[in-house]
C-alpha cells in the first residue's frame, strides 16, 4: 500500500504492508524537488520518483490526499498539478488510487478531524509500532493516508460492502 501526500516542492510517501491484520512499515520518505523554477520539471521528478518507488516495492494500490482548498489559488493549483503527477504515476503502473480528505484521515487516526499534525504523527507511529519515528512531516502524513485507507478497507470488508 502506497500512501502519498502530494506537494509541488515536497511529496511525502509511505509504504505499508498489511499481513494477518497487522500493519508493517516498509518505508517512508519524501521526494524533494526543491525550488526549481520550472514547474514542469518538478512535476516530472515527482512522477519519476513515485514510478521508481512503485517499481521497487510493487504495491497493489495507492491512496492520496485530496486537495486542501486554500485562499491562495496559485498554491492550490500547483498542489492539484502535483496530485496529477502522482496519480498519473500510479495509473501508468496499473494501481487503483483512492482519495481521502485530510479531515477524514485525521478523524480515522486520531478521532478528531481537526487534529494537529503532531497528533497524527503520534498515532501513525503507534499503529505501526515505531518507537522513535525519524520521518519528515510529509512522510508521516503519507503514512497516515495509507493507514486510513487500510482501516477504511477493513471497515468496508466487515460491513460486507
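Cβ atoms here come from the backbone N, Cα and C positions, even for glycine.
Where the annotation comes from TrEMBL, it is an automatic prediction and has not been curated.
Not measured: the values here are computed from a predicted model.
The following features are taken from TrEMBL:
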| type | residues | note |
| --- | --- | --- |
| ACT_SITE | 5 | active site |
| ACT_SITE | 65 | active site |
| ACT_SITE | 138 | active site |
| BINDING | 5, 138 | Mg(2+) 1 binding site |
| BINDING | 65 | Mg(2+) 2 binding site |
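Positions of the features from TrEMBL, shown on the structure.
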{"residue": "5", "record": "active site", "Cβ within 10 Å": "28"}
{"residue": "65", "record": "active site", "Cβ within 10 Å": "25"}
{"residue": "138", "record": "active site", "Cβ within 10 Å": "24"}
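Here residue 65 (active site) is positioned 11 angstrom away from residue 138 (active site), judged by their C-alpha atoms. Rounded to a whole value, the Cα-Cα separation of residue 65 (active site) and residue 5 (active site) is 6 Å.
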